[in-house]
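A.B. asks: Would you mind keeping the following structure in view while I ask a few things?
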């Protein structure tokens, strides 16, 4: 029934296998790729174009179902919802690797679906997903004539490179690099780096490329065994349209000579509309006209750059656009910056929060909490378009994650800066490299906030014009240079090293020589931008702004955590309500207090410490009147505990009625003189000097009455321990009428001199 074909290799100690013929046989190409115990089903389906289009409708989806990790989805419906950021990012990595390899002019709809079947939590799925995609394309019959593979590279503390590091190895790695390539060239790079040098990063790329070769050989052998060869493809002949476009060469050159983006866009629109109207009247297909115009413009601009040795906006190849920087542009925010580079502008705003504001990420490795968030927004008005603002798409998620990777290596440890940090980058206008403007703006905004980052970070996008054996590398590319060029190579880092890389190609790969030159030229540009940034703000604020919540951290014993939280959170809620602060308690006993002011934070700290401090006989504490009965006052101690006080302990004088001295809500200092059997403290107000808060040293009222002191104590104790249903008068002890046994002060609690307090 099944005609199964399977090929496998031992790839650096782990088995990598490709299999087809058993699952999803109705797809044009279907491959199950296994790497370790991680298994992914990749399917490719092609739909013949029914109408001419001027782009490649390629759709790549990586899907991680919960069952692959042995979990049931949360929520009411218990089904997977929209793609997670991780799924989106993996989909983008695959798309960016294979898109340049389809033949020019091929516009059939291609659907690539990567289903994660099982995940071993050791081998990350990015690598096998790309390998399976290339293998499925190779046997699908689609005109895909290149064989590439992907690999991940890590780097340990001794600068030893690690091939496809495990999840645990990657957590300790100085480098998180994913690259794809063929036998001779590099096609795509995505990386987060902990300030490594250009040389180290280049060596890591070479290391990864070297270890791609066995996989490329495996895919070729697998495809040859299956025998379904890619079909040949001949692009639509547009030579007649191209010949007509030569009449408009001068018009295009004049339009592209305008250095201001808005003027250039308007001039180009006039030329394009003129061409479209003229050629449509001549009976040419509108889609083919549009495709031919794009191809013509691409050749024209590249030729202009080579011929004139200057770029569209008259800059030199390595020249950076004019930069304007402002910090603290929005004073009432926690931190802000406006970064403008040419016609690209990013408004970046930060907000600080508590641990409760952390993002809970449902990742394939399990739930985790993220205390640093960076969100990138690209509204239509940034490029002069009139359309609705929608939810963030793949591009916005990808650009935000790239900026996150660039900033993450320089952030302080949570123990050093206990805030949750959210950064939002609003792109106000764009003419290329808006993600790198986000990196620069984020660095400035964080320093304006007072976040102690290790060093400022800047980013730059590099471009490429390649013609046979000649190439030109461009620094700080415009949007048109990105669109019409061969490469978009984004590099971010500090003055000491690289923190993030992202390279996308429009052609089937570049050499190590071009990668090396691009990195070196990017370093020069990055240092120039950092110099401009440092002239505005070079280090973080020494203190956060007045309206930013304060954080006070301290530790309590682990065995006190339960008491600090209280039954169903009663104690911690009480302290938060009384102090107007937020309190978080970690498993290690660390208590973090967030309050508007340092005073409130200190007050909350004291309340929390008081609430877990054991009450001791003889201690003087604050008390508040909660309820007054005929002879008993119910008190709330300011540590959240309850207490009681007899009428005889209210004042150092005869008291007919408690209300004559105290009212509900009054606060005062009280002495703990004993405890009931249930632990409720008995208190005395008269034994404390209310002015000084110290033990009263003077003569107490009626202390000369020697007889009846024991009876008085019994009366005191019996009154506290009365049941509510007992009749007060029937149980009232008889006051002694006469007799003095001695002149010593009465002892409370146990009649033992070692435990009594005076």
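Every residue, even glycine, has its Cβ placed from backbone N, Cα and C.
Pulled these from Swiss-Prot:
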- 482, 488: Mg(2+) binding site (BINDING)
- 549-608: domain 'KH' (DOMAIN)
- 618-686: domain 'S1 motif' (DOMAIN)
- 707-758: region 'Disordered' (REGION)
- 711-721: compositional bias 'Low complexity' (COMPBIAS)
A.B. asks: Of these binding-site residues, 482, 488, which scores lowest on Cβ atoms within 10 Å?
C.D. replies: 482
A.B. asks: For a three-state summary based on DSSP, what are the helix, strand and coil counts in the domain 'S1 motif' (618-686)?
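C.D. replies: Summed by class, the stretch gives 6 helix, 33 strand, 30 coil.
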A.B. asks: DSSP helix, strand and coil counts for the domain 'KH' (549-608)?
C.D. replies: 32 helix, 16 strand, 12 coil
A.B. asks: What does DSSP assign residue 488 (Mg(2+) binding site), in three states?
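C.D. replies: DSSP assigns residue 488 (Mg(2+) binding site) to strand.
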A.B. asks: I'd like to know the mean pLDDT over the domain 'KH' (549-608).
C.D. replies: 90
